[in-house]
Amino acid sequence: MSPYILSIFLFGLGLGTTITFASTHWLTAWMGLEINTLSILPLMARQHHPRAVEATAKYFLAQATAATALLFASTTNAWFSGVWEINQLSHPIPITMMTIAIALKVGLTPLHTWLPEVLQGLDLTTGLILSTWQKLAPIILLMQVQPHNGTTFILLGIASTLVGGWGGLNQTQLRKILAYSSIAHLGWLTIVLQFSPALSFLTLMTYFVMTFSTFLTFKLNNATSLNALATSWSKAPMLTALTPLVLLSLGGLPPLTGFMPKWLIIQELTKQDLPLLAALTAMTALLSLYFYLRLSYAMALTISPNNLAGTTPWRLPSLQSTLPLALATVGTLLLLPLTPTITSLLSL
């Protein structure tokens with residue numbers, strides 16, 4: 001793809017998200033989401049591979065359905081209340097429809113089934129964009145809808161943490177594992193959304209840093225499956241030693257960065273007199289932690305069952321920039337001591 005065409009599509013991604021951020025009207029928010037979707041479709045299909053084309057088609061159908069439902073819900077809300085402003089929601093029917101539409105857009109359970117299949121058909125760079133940047137605009141809308149629909153958000157969040165944990169247990173493809181990891185993290189974010197939007201935003205940013213580091217690690221090793229991951233020790237030994245820590249940070253194990261949002265969310269749920277919900281949420285984290293441990297074990301403690309000629313891959317020099325990976329890895333591992341500063345800045 002030409003660099004000029006690529007820059008236009010990337011500009012479209014930024015423009016669509018910015019329009020949704022700045023919107024107070026449902027039509028302009030919908031327009032920003034559509035610009036965002038139409039900008040990423042060529043990036044997804046640029047591989048000219050049947051799997052990539054299939055993933056693009058599935059993503060387009062899911063996003064088009066969600067956008068149609070969102071537009072219909074906003075029209076219904078305008079019919080009931082006479083206003084189009086995002087913060088002027090009054091009737092439960094359009095509120096529920098909007099919640100379901102946004103849940104489909106980001107991949108919350110039970111509307112998550114498109115996400116693992118789509119992510120599996122993409123290359124790691126486009127998958128990184130889909131797992132991070134594409135979630136910003138819908139989640140900002142979700143934060144504006146949440147005061148009106150608290151119980152639905154708790155149910156969606158608990159279901160997402162359970163499905164995100166159970167779904168990744170038996171997977172061998174790294175992109176599907178990262179898709180279920182995304183579903184589980186979105187569940188944590190959604191559970192606490194009605195109690196502390198600032199904490200939800202902190203959870204989202206922490207997830208972005210950890211996912212950025214994980215995707216870049218897999219991209220540097222050119223690994224898309226457990227078998228390929230087991231041979232990465234011969235390509236980058238130092239990175240192989242650090243990657244299990246990155247994965248355990250995604251699982252929320254102290255004293256790594258990923259423990260911070262889970263700790264604060266459980267603390268917030270306890271403050272809201274929801275100890276059973278806090279306990280159930282903490283136990284679902286063990287499901288996700290299991291398959292992160294499985295990835296760590298496959299990468300650092302085993303050797304892939306290949307013949308002698310295929311055991312050690314060619315050690316070709318990587319042309320990728322390692323500075324973003326270094327910064328993301330440091331953030332993934334070492335931000336926990338800054339928790340008091342971050343919470344004071346966000347007024348948690």
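Just so it is clear, glycine is given a Cβ too, placed from its N, Cα and C backbone atoms.
Annotation comment: TrEMBL describes 23-287 as domain 'NADH:quinone oxidoreductase/Mrp antiporter transmembrane'.
Beyond its flanks by at least six residues, the transmembrane segment (57-80) meets 26-27, 30, 33-34, 37, 40-41, 44, 88-91, 93-95, 97-98, 100-102, 104-105, 114, 117-118, 121, 130 of its own chain at Cβ-Cβ distances under 8 Å. Taken from TrEMBL, the feature transmembrane segment covers 57-80 (among others).
Annotation source TrEMBL lists transmembrane segment at 92-115 (among others). Remote same-chain partners of the transmembrane segment (92-115), defined as residues 6 or more beyond its termini with a Cβ less than 8 Å from a stretch Cβ, comprise 33, 58-59, 61-63, 65-67, 69-70, 72-74, 76-77, 80, 135, 138-139, 141-142, 145, 148-149, 152-153, 156-157, 159-160, 162-164, 179, 182-183, 186-187, 190.
Feature annotation from TrEMBL assigns transmembrane segment to 151-170 (among others). Long-range contacts of the transmembrane segment (151-170) within the same chain: residues 96, 99, 103, 108-110, 112, 116, 176-177, 180-194, 277, 280-281, 284-288, 290-291, each at least 6 residues beyond the stretch ends and with a Cβ under 8 Å from a Cβ of the stretch.
Per TrEMBL, the feature transmembrane segment maps to 239-256 (among others).
Annotated transmembrane segment per TrEMBL: 276-293 (among others), in sequence order.
What TrEMBL lists as domain 'NADH dehydrogenase subunit 2 C-terminal' is 289-342.
As annotated by TrEMBL, transmembrane segment applies to 325-346 (among others). Long-range contacts of the transmembrane segment (325-346) within its own chain (CB-CB distance under 8 A, at least 6 residues past either end) are made by residues 198-199, 201-202, 206, 209-210, 212-213, 216-217, 220, 242, 245-246, 249-250, 254-260, 264.
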